Each structure stands twice: as structure tokens, then as C-alpha cells.
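> I am attaching a structure below and will ask some questions about it afterwards.
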Amino acid sequence: MVTSVAPRVESLSSSGIQSIPKEYIRPQEELTSIGNVFEEEKKDEGPQVPTIDLKDIESEDEVVRREIRERCREELKKAAMEWGVMHLVNHGISDDLINRVKVAGETFFNLPMEEKEKYANDQASGKIAGYGSKLANNASGQLEWEDYFFHLIFPEDKRDMTIWPKTPSDYVPATCEYSVKLRSLATKILSVLSLGLGLEEGRLEKEVGGMEELLLQKKINYYPKCPQPELALGVEAHTDVSALTFILHNMVPGLQLFYEGKWVTAKCVPNSIIMHIGDTIEILSNGKYKSILHRGLVNKEKVRISWAVFCEPPKEKIILKAHCQRRCLRLSHHSSHLAPFPNIFSTSSSGRPRRLYSPNEL
């Protein structure tokens, strides 16, 4: 198995190369499905990622709140069962805070390379937090067109502040504030998803660690311009092992979802947060909620940046199927976050192909 260190993709992109190294070229069977992401995003025909409006879900008016929660329950349930991904709008996190998070991340990646390298991780020794590029850890030595910055942002007592960027100065306060708001949003979503399964509101959150143990890990994905985007992927097809994944981006398209046997490009919805259902929730829901296979395309015109926050149970947490209503399948097996996830394609509960991916597998 190949475990060589990848070069910084940003350096390759800025070097003026016209052809990408062979390690970044996808297998022939994948190339036929990689199109121009800007043209793909313009398409209005065919299935579209659903949008869920959370406005007034916490209204002080009890009647309004009840009506909104019932609507959101049905819409979230439908989106989670059919897609496993959705755009959240009116989610309660201010545009100002989201902009601060984005500006801080963009500013960090605009620093000189020698400054970013001060925060470099050491994947070979198991130190995955920090600035890095994906290791070639499959048999072919294949690489993805991406650099990243990864670190745990919540709970507060588990943060390693020594690896948080000191520049820009707003990186720490913006990220800390965002983590608190996002943790609150996760509670709201898990509550509604629990109700959609016929469970009490707090059941799913309890199963993934509760307020005290659920981890929020942030990965800023930086996809430089690519001279041959038709041959490469920013991130290859995978599902997330998280419970939920929340994603911001810089309004450059690139996210694709594998839906009904085809790759669907997510549109750029202003002021939205993209949310994925992760493998953990698929397990807890006995496969009723779907962890969707997804990937990231690149382009030659614009840098794409996304901010993914993985909401994960602690590694020692045993994940069991939850009792979904009365006629749920009996608990028969479990998955533990202690067990390593293979870096290969496997089959999900719905029979579709997937490559299991964890933010700890970078």
C-alpha cells in the first residue's frame, strides 16, 4: 500500500503546469461522469437538492412553533429519507458570523506558503490536526486536488488551541462563536429528525453523545484552480461517518450527490448551510435516513473553498440501531468509532456503492 506524502496542491496549481501529475488523474470509469461544473450547476431539469426553511422553528408563539416544527419534521424526514442532504435556510446563524468564518478561512489560505506550513500536520505519525494535503493511501497512490486545514472546534475543553491559526486575528473568535451556534443548530436538527422516526425529541442526540460528548470537527477544504478539471476530483466519492455534516462554501459550485444512479450538482443557494446525513444517523435510523454518496469537482477558473463541520460521537461510543416506532427491527449489530473504516468502496444499507470516509482519514 502506498503512503507517500502529497505535495501541496496550491503549489502545483500556481506553478503554471498545463498537465496534472498522473497521481491526480481519475480512473477511466470515473472520467465519463466528470463534466463542467459551471454548466452542470446551471441545469434546472432533473432532481434538485431540497431546501428546508427553518424560520420560526423556535418561535415564542407556541401555536406558530408547533405548526413550523410539524412542517419541518415532515420536510426534514422526507429529505433525509430520499436524499440524505439538504440546503438549510433561515437556520438562525447570522450572515455576519458566517461571513466572518469565511473571511478568516480565506485569509488563512491566502497567507504565504511558509506561514501556512507553520501549522502543518504530521499524518505519518498520526497527528492529523492542522494544515495538510491528502496522503496517497490507496493501492494506486491516487491523490485528490485539495489542501485543507482540520481541527476540533467543540467542546471547548477538547480544543487544542496551539494548532489554531493566529492569523487572521478573527480566526479564533469567529470559529469559537460559530461552533456554539452550530452546536445549537445540531440539537434542533437532531430533535426534529428524532420526531420523524417516532422517537422522543432528545433520543438521537443522546445516542450520539449528548451535549457533553458530541464532537464538532472542522475541515476547511481548499480546491485550487486545476488546469485539467475534467481529469481530477477535489474529493473522491465517499459518505461521511459523522452523525451530521454542516457545510459552508464560497459560492463556487462543486458538490455533487449520487442520486438515483446519477451525479447531481448542488446549486449555490445564498445564505444557506448544506447539511448531510452521516453514516451514524443512517445506522441509528435503521437505514430510514440515508447517508448519501458525494464528491467534489474542481475547475480551472475559480478557487473553491468549503467549510465542513463533522458532528461526531466520541471515538469510544458504540452506535446501535435506535428503536424506530414499535415495529422497528431488533438490535442485531453495532458499529464502533473505535474500529477503522476501510478506504475502499463498500455497499450501504440501500445497496448503493460508497467509500467510507472519516475526517480522521485525511
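Even glycines carry a Cβ here, placed using N, Cα and C.
For 211-313, the entry in Swiss-Prot reads domain 'Fe2OG dioxygenase'. Residues or ranges marked as Fe cation binding site in Swiss-Prot (evidence: sequence analysis): H238, D240, H294.
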> When the number of other CB atoms within 10 A of each residue's CB is tallied over all shown chains, which of the binding-site residues H238, H294 has the maximum?
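Neighbour-count leader: H294.
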> Ten-angstrom check, please: count other Cβ atoms within 10 Å of the Cβ of D240 (Fe cation binding site), all chains counted.
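That number is 25.
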> Count up the helix, strand and coil residues in the domain 'Fe2OG dioxygenase' (211-313) according to DSSP, in that order.
9 helix, 47 strand, 47 coil
